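Notes for the one structure printed next.
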Amino acid sequence: MPSYTVTVATGSQWFAGTDDYIYITLVGTEGCSERTLLDKPLYNDFERGAVDSYDVTVGENLGEMELVKIEKKKYWVHDDWYCKYITVKTPSGDYVEFPCFHWLVDDKEVVLRNGKALLPKDDKTRLVKQHRHKELESRRKTYRWREWQPGIPMSIDANTHKELPRDIQFDSEKGVDFILNYSKAIENLCVNQFMHMFQSSWNDFADFERIFVRIKNTISEYVMQHWKEDFMFGYQYLNGCNPVMIQKCTKLPEKFPVTHDMVADCLEREMTLEEEIEAGNIYIADYELMEDISPNSTDPCTLQYLAAPICLLYNNSQSKILPLAIQLGQTPGKDNPIFLPSDGQYDWMLAKIWVRSSDFHIHQTVTHLLRTHLVSEVFGVAMFRQLPAVHPAYKLLLPHIRFTIAINTKAREQLICEFGIFDKARGVDSPEDLPYYYYRDDGNRVWDVTKSFVWDVVCIYYDSDDTVQKDEEIQAFVKDVCSFGMQDFDCCGFPKSLKTREELTEYLTVIIFTSSAHHAAVNFGQYDWCSWIPNAPPTMRKPPPRQKGVVDVKFIIQSLPDRGRSCWHLGAVWALSQFQENELFLGMYPDEHFIEKPVKEAMESFRKRLAEVSSVIKIRNEGKKLPYYYFSPDRIPNSVAV
């Protein structure tokens, strides 16, 4: 009688093994096996990290292997099991791979397709077509949309991490709990003694160093030493942790009436302000999104304040970005003066501090939360709803939304609040105009390499633009993102359909880049740039000044966060800047969802090109006091998971 050898791999993560009964049914084009218990006498099957083999005897040859059904039944108590893959050796000696990478919970069954990636048009038999349909039907019931807050992208329908489908939960609840990570940060930074000192101001700027003593970090120490300098203020618009605010100023807005006489002493090219604007040397950062936003009231004993400043920036003759003028509100007037470098030392210092505080809020809520976390979650939910596991786009994207939905659900439980908007053209593309904009330059390098890889994969499965147009699953995915995930926001800019291979490549690259490289660039520098509190105040305790000449050091210190909030802030940016345990970086694909040789070759080429980018960035950074490494591929996690 024909015999098939079944090899089963159990995951190596915590609690992946099981003592429950595991049954298997093999399904081929000519028939199926009986439901067979996988069990060896006197042997502990399906232990964590184990690879076990079993013989399945059948009455006759099953033909070409199409499906494998796995069932888990309770032995004593329900015991979850993580199956990585199953390999079937046929009587003729052929090996057929069935990637799984699923948790089986309760009395659950999973039906697997063989590992070859296939578009809908490639399915020929009724059996596999039905399986494809049923898989998506089941997923749409599991992965449901929900509006978390009005005006921002939709999220998954789950209130807590434990309510998520087991497949997208963290491997270890403990390892990613925000409260635990914050506590660890506070302990590591030795700031416990200040944690409960709310309403207690620091004595002076040097006093902030009392919570800075444990920091051994080149960039953060440099920030502490130079944060008052205009150069440091301007440099962060290019290479800080929020390098997306700067825009070329082609015309001064009426709400920001800066004149040439105000800034003449700061201009270096013997040109008027208008001429500098026409020459492309003037930039602007406008925090209008902060207008009319109410500060939170987590501490009823301390009033907190926000501002919506506008900052004019100058690209000087040494290609340094320097602040020219700051207005702390959106409406000009006597009680909203334009602060200048020529003003008193403390007037100018406080104006810059207010801009940095507003920049911190925009960074956390828009640049970081919205444009990486929430957008990536939309892609992830739509992917699970519209793309079956056999689809090449599913296999390509899955590593890049790993844990994203879980971290966002955790954040909604414990950390974040509402707000949002999307990106626009900023006029900063030219290396000649802004030669030290490493965020742009390194980002373009990673983008180009990623897009080339995605193009290689797309061309393996799509032989023409017509194939893209006729792929109803990819079209449903794109439509779900725009019409449901983004709620058809006019400003979201996402298409509802794709017509060419180039468009599909661009779309998939956006997803991968957003959830990996862009998130890394705006997340992992938070400790570097925000740990020195005066450089990134998370809250301000006095309102913005309405006139000049009334500010002194004491006023500034009383405006900055108190001791307790400073410590919570320091712990938060430390925790957010840490890589996860067993982090997977860009180009690392240990779970083999693809089995085809051409895709594996494309992955290997991708890794080599990423290594070249890392090398270029490393050489560029040598000897720099402010190295920029956030886009270095060896420091870019595959997905948004922190």
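Keep in mind that glycine also has a Cβ here, set from the backbone N, Cα and C atoms.
TrEMBL entries are annotated by machine, without manual review.
Record features (TrEMBL):
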type	residues	note
BINDING	GLY17, ASP79, ASP80	Ca(2+) 1 binding site
BINDING	ASP39	Ca(2+) 2 binding site
BINDING	HIS368, HIS373, HIS519	Fe cation binding site
DOMAIN	2-118	domain 'PLAT'
DOMAIN	117-642	domain 'Lipoxygenase'
SITE	TRP103	site 'Essential for stabilizing binding to COTL1'
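TrEMBL feature annotations superimposed on the structure.
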residue : record                                            : Cβ within 10 Å
GLY17   : Ca(2+) 1 binding site                             : 21
ASP39   : Ca(2+) 2 binding site                             : 13
ASP79   : Ca(2+) 1 binding site                             : 17
ASP80   : Ca(2+) 1 binding site                             : 16
TRP103  : site 'Essential for stabilizing binding to COTL1' : 22
HIS368  : Fe cation binding site                            : 22
HIS373  : Fe cation binding site                            : 23
HIS519  : Fe cation binding site                            : 26
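Checked against ASP79 (Ca(2+) 1 binding site) by C-alpha proximity, the binding-site residues ASP39, HIS368, HIS373, HIS519 yield ASP39 as the nearest. Here the domain 'Lipoxygenase' (117-642) has a mean pLDDT of 88 out of 100.
On a Cα basis, TRP103 (site 'Essential for stabilizing binding to COTL1') lies 19 Å away from ASP39 (Ca(2+) 2 binding site).
Within the set of binding-site residues GLY17, ASP80, HIS368, HIS373, HIS519, the entry lying nearest in space to TRP103 (site 'Essential for stabilizing binding to COTL1') is ASP80 (CA atoms).
Each residue in THR367, LEU369, ARG371, THR372, SER376, HIS518, VAL522, ASN523, VAL640 lies on the same chain as HIS368, HIS373, HIS519 and has a C-beta within 8 Å of the C-beta centroid of that Fe cation site, without being one of the site residues.
Taking the mean position of the Cβ atoms of GLY17, ASP79, ASP80 as the Ca(2+) 1 site, the remaining same-chain residues with a Cβ inside 8 Å of that point are PHE15, ALA16, THR18, ASP19, ASP20, PHE46, TRP81, TYR82.
Cα-Cα distance from HIS368 (Fe cation binding site) to ASP80 (Ca(2+) 1 binding site): 34 Å (rounded to the nearest whole number).
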